[in-house]
Amino acid sequence: MKSKTKHIQWPFFYGYVVMVVGTIGIWASVPGQTIGVSTFTDPVKDALGLTRDQFSAAYMVGTFGSSLLLGWAGRWFDRAGARIVAVLSAVMLAGTLFLSSISDVLSESVKSITGIEHWGVPFSIMMVFFFLLRFSGQGVLTMASRNMIMKWFDRYRGRVNAFVSISISLGFSSSPLLFDAIIKDWDWNGAWRILAIGILIIGVLMWIFYRDNPEDMGLVPDGIRGSSNPKHKPMPRLKQFLPKEAFVTRAFWMYAMMMSFNSFFITGLSFHMVDIFTSTGLDREEAVAVFLPISVINVSVSLLFNFLSDSMPLKKLLFVMIGGALVWVVGLIGLSGGWGLWLIIVGSGVSGGLFAVLNSVTWPKLFGRKHLGAISGKAMSMLVFASALAPFFFSLSKTIFKTYTSMGWLGLGFVIIMFIGSFKANDPQPKVVE
């Protein structure tokens with residue numbers, strides 16, 4: 001059952017509290033995101049005696065395992081509500097960080113007890129911890145917080161998501177610098193413990209301020225009811241799709257597959273960014289700096305199209321995202337020839353900006369709020385699964401072909417298929433719902 005709490009009357013629409021605290025909740029998921037884990041890669045693998053390939057493989061298997069449970073987590077969200085799901089996932093994430101901080105001690109203890117001196121011991125331990133990190137952080141905490149925010153808004157959903165997307169982009173992009181500074185002062189063990197304490201504190205804020213639906217507080221989405229302003233005329237009632245109904249629509253699969261494509265390629269690009277860009281003649285610092293112009297384009301595109309999404313058909317946004325993806329996979333093909341770098345920067349910035357829009361507003365706008373957890377959870381499981389495969393396939397491309405060009409050709413074929421298939425990815429909502 002969803003938690004019931006007596007609510008005080010706020011002098012302004014409570015959805016704005018939900019928006020701010022929900023964004024903080026998404027920030028709290030950073031230690032379970034790829035960008036948060038990457039900062040710890042070198043010190044942790046060295047402490048455990050794992051090679052980069054072994055550490056990456058443990059990450060891949062753990063991430064893949066977490067993707068299998070996200071559909072169930074979405075249905076749990078629909079039953080229990082954002083407050084309970086987010087708080088419990090925050091506790092799980094914090095607990096996993098505490099355990100991960102003693103992974104080297106656990107590994108040596110297992111070796112001592114069993115007498116097994118093999119890399120498989122720390123590999124297995126990190127595989128389990130990565131499963132828990134990715135499930136609780138990237139998966140459940142992110143999904144619960146984002147879905148909660150989207151359920152509080154309808155007419156202004158795109159504008160609210162503009163604030164959320166920019167805040168997330170700034171928070172996520174600055175997290176490696178923050179984490180690296182903590183690691184330098186407290187070592188990787190202490191850094192994970194400090195982050196765990198911070199997440200528990202945020203969990204308390206979630207328990208105090210998270211609310212699942214505006215109706216639970218006697219409110220309506222956007223806080224508009226009975227307004228005389230002609231701009232505030234009632235929004236048309238949406239059909240509340242059952243998950244099984246949503247999953248047979250062309251729209252669900254085109255949007256979910258396009259976002260999974262973006263997740264796959266951005267993860268692969270991020271994981272191997274230094275090797276990919278140094279192959280063009282850049283040094284390490286310049287390679288890392290490539291993400292700055294990508295982020296600027298990403299935030300600008302996200303801001304623009306979040307506002308437009310309130311009035312523009314989402315199908316047009318989907319085609320803009322496909323266009324951005326087309327530009328950057330062509331850039332990946334031409335990277336070894338020296339002409340693809342800026343195509344990657346511009347294309348990935350555009351497609352990433354549209355991803356930030358569509359990943360939030362698509363599911364409630366096309367399928368309603370009632371089963372948002374189950375529907376978005378299915379899509380999230382596809383995204384996480386794609387991100388799990390990316391580092392391995394990019395590495396395999398480099399090993400076999402000595403270049404990443406083959407991934408560009410693979411991406412080009414997929415984008416063409418998505419372009420053709422999306423012509424019939426129409427809004428499944430009937431014109432009028434009685």
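From the backbone N, Cα and C atoms, a Cβ is placed for every residue, glycine too.
Taken from TrEMBL, the feature transmembrane segment covers 12-30 (among others).
Per TrEMBL, transmembrane segment is recorded for 55-73 (among others).
Residues annotated as transmembrane segment in TrEMBL: 80-99 (among others). Away from its own ends, the transmembrane segment (80-99) comes close to residues 1-3, 25, 28-29, 31-32, 73, 106, 129, 132-133, 135-137, 139-141, 144-145, 147-148, 151, 192-193, 195-197, 199-200, 202-203, 206-207, 210-213 of its chain (Cβ-Cβ under 8 Å, at least six residues beyond either end).
If you look at the transmembrane segment (119-137), the same-chain residues 6 or more away from its ends with a CB under 8 A from one of its CBs are 29-33, 36-37, 44, 48-51, 54-55, 57-59, 61-63, 65-66, 69-70, 73, 89-90, 92-93, 96-97, 99-100, 103-104, 106-107, 110-111, 384. The transmembrane segment annotation in TrEMBL covers 119-137 (among others).
As annotated by TrEMBL, transmembrane segment applies to 158-179 (among others).
If you look at the transmembrane segment (191-210), the same-chain residues 6 or more away from its ends with a CB under 8 A from one of its CBs are 17-18, 21-22, 24-25, 27-28, 31, 40, 82-83, 86-87, 90-91, 93-95, 97-98, 100-101, 148, 179, 182-183. The transmembrane segment feature in TrEMBL is assigned to 191-210 (among others).
Marked as transmembrane segment by TrEMBL: 247-267 (among others).
Same-chain residues lying 6+ beyond the ends of the transmembrane segment (287-305) with a Cβ under 8 Å from its Cβ atoms: 158, 162, 165-166, 169-170, 173, 270, 273-274, 276-278, 312, 317, 320, 324, 341, 344-346, 348-350, 352-354, 356-357. Taken from TrEMBL, the feature transmembrane segment applies to 287-305 (among others).
Sequence annotations record features per position, and here TrEMBL assigns transmembrane segment to 317-335 (among others). Tertiary proximity for the transmembrane segment (317-335) is limited to same-chain residues at least six positions away from its ends with a CB under 8 Å from its CB atoms, namely 254-255, 258, 261-262, 265, 276, 279-280, 301, 305, 308-309, 341-355, 357-358, 404-405, 407-409, 411-412, 415, 418-419, 422, 425.
Residues or ranges marked as transmembrane segment in TrEMBL: 341-361 (among others).
Positions annotated as transmembrane segment by TrEMBL: 382-401 (among others).
For 407-425 (among others), the entry in TrEMBL reads transmembrane segment. Below 8 angstroms of C-beta separation, residues 250-251, 254-255, 257-258, 261, 265, 268, 315, 318-319, 322, 325-326, 329-335, 340, 393-394, 397 of the same chain, each at least six residues beyond the ends of the transmembrane segment (407-425), sit close to that stretch.
By the Cβ criterion (distance under 8 Å, sequence gap of 6 or more), the transmembrane segment (12-30) is not counted as touching the transmembrane segment (382-401), fewer than 3 such pairs being found.
The transmembrane segment (382-401) makes contact with the transmembrane segment (55-73): 3 or more of their CB pairs lie within 8 A, with pairs spaced 6 or more apart in sequence. Long-range Cβ contacts of the transmembrane segment (158-179) within its own chain (Cβ-Cβ under 8 Å, at least 6 residues beyond either end) map to 15, 19, 22-23, 26-27, 30, 33, 35-36, 38-40, 146, 149-150, 152, 191, 195, 291, 295, 298-299, 302-303, 305-310, 356-357, 360-361.
Residues 34, 314, 318, 321-322, 325, 328-329, 348, 351-352, 355, 358-359, 362, 366-367, 375, 378-379, 382-387, 389-391, 407, 411, 414-415, 418, 421-422, 424-428 of the same chain lie 6+ residues outside the transmembrane segment (247-267) yet bring a C-beta within less than 8 angstroms of a C-beta in it.
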